[in-house]
Amino acid sequence: MKVALVGNPNVGKTALINALTGGNFTVGNFPGVTVEKKEGKARIDGKEVIFIDLPGIYSLQPRSIDEKVARDFLVKERPDLILNVVNASNLERNLYLTLELTDFGIPMIVVLNMVDIAKNRGIRIRSDKLSEILGVPVVETVASKGIGIDRLKEEIIKGGKVPKRLGRTFEEKVKIAEEIANKVIERFESKVIISELLDEAFMDKHLGIPIFLSLMWMVFVFTYNVAQPIVDLLDAFFSALADLISSYDGILFDLLGNGVISGVGSVLVFLPNIAFLFISLSILELSGYMPRAVYLVDSIMSKFGLNGRSIIPLIMGFGCNVPAVMATRSIEDDRIRLTTVLVSPFMSCSARLPIYVLFVSALFRNGSAVIMSLYLFGLAVALISAFLFRKTIFKGEAEYILELPPYILPNVRDIVLLTWNRVKHFLEKAGTVIVVMAVFIWFITSYPSENIEESFAGIIGKAIHPLFAPMGWDYKLVLALIMGFVAKEVVVETIGLMNVDVSLLSTYQALAFMVFTLLYVPCFATIAAIRSEAGFKWAIFSILYSFIVAYIFALLITEVGTWLA
């Protein structure tokens, strides 16, 4: 049985699919496009049910790629059942999509989600009356708490009902949605709720930005300082294990000890930093705060030619640039979409974090401040680049629409599942790309001579080294940057395998290296995503532009640092 989840953004579809499948879902792409596809399986009363979470949309008119993907899926795949997930606090607006879904003649269940928040706002929905009008079952749920899920499963097994077709034109559907809302919504006096008090602070024009910056500061302190003891323990473990295995004679032991374990271990030691970063971002996203942070800076962003939908990919870029580039598919304006695609790689992804931690731990006292500054600098370069692109390549004004979802106390399970799905991507890299690169780096550093300077790695690094001579980096660091094109995690891996002592660098050399790593050529996977989203020409442009920008800033830092020294 194939069930499609359809609804507006911020109606709790992710929480619902978690509740229905127990977190047993995979994340991929819809065929032919890079729109994210969540697909989960569950066995209900002995029957296997496949849940497909369609992109959050406001309409099935194919104006954006998300809307086209959703419409094409319903037309071509014809699921057995549609779960129309509706935010009980915003019923009238959500009902327009519901009425569009009635046109397909597919059995449907309306899931009236977040009824607890609606109640707190003085809103009660007469679900029995709504069911009578639409001709389909209506189930009230609080997906984040598991409330109503058992009844929903019962209705799913029954197969739902084919809805009445209400309205044919846009105008008719808008009018009918309003009429239905008036019939089924009951309002009563509500108490002052905490979300209103929070918004008074978070959305205040004077307090909002300082609160946002304070929260970001807490994220980086949590990511760096709190995780550091665990990082130190893992580092000691992998170092001891590598030394033990490489102490045995034979090429295989040397490969395992000095190659695979040292290489992969040099990346995995930073897993706590990455996990803590993802935990922080998951809490901010699931709680409903992140869109408010977006709103706070939106007036600034619009001056740079970006809109509300552009900011979400940029924030996602703090986790990984690949899904950040993919997320631009929801942007309707092609100029804004291309601009966002090109500047997203400047956002400091989690793979760059181990590089910062390595250098900061060795050379800087206030590590959290340095790392946060790098993240903010990447954002600044992205905004300046967007401004330049909109004034030259992609001229025109940008408009935006931004929705603020209700505040939700995040469910621990949802935080864990969201964090795990992101960390899993990092671990999959460790099990594939990083292992392969560890073996490759071991080979080029061991042959034709065990002397690194005479090895293939030394030859490659020395050949390219003159280009980076003004920065004062040796050929080993240059080689690490080259390897970083495959995956940024490999930069730390290469530095570890080539026994580079970063503490011997000056602070400005280290800062220049970190800034270059932040800005230079995106990893291979990101370039592939850019090629898929924007074409080969823009992928090449991204490589060249990012390298030039990175080189200029690294050179400036080196020159200023030398002058001050």
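Cβ atoms are placed via backbone N, Cα and C, with glycine included.
What you are looking at is a predicted structure, and each value in this text was computed from that prediction instead of being measured.
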Would you please say which range out of 101-119, 310-328, 405-423 has the annotation transmembrane segment in TrEMBL? 310-328
Contacting positions for the transmembrane segment (536-557) when only residues 6+ beyond its ends and CB under 8 Å are counted: 338, 341-342, 345-346, 381, 385, 470-471, 508, 511-513, 515-516, 518-522, 527-528, 530
One residue among the binding-site residues Gly7, Gly22, Pro55 has the fewest other C-beta atoms within 10 A of its C-beta, namely Gly22
Near the transmembrane segment (268-290), which same-chain residues lie under 8 Å Cβ to Cβ, leaving out any that are not at least 6 residues past its ends? 10, 202, 215, 218-219, 222-224, 226-227, 230-231, 234-235, 238, 315, 318-319, 350, 353-354, 357, 404-411, 414-415, 418-419, 422-423, 426-427, 430, 492
Hey, what's the Cβ neighbour count for Asn10 (GTP binding site) at 10 Å? 18
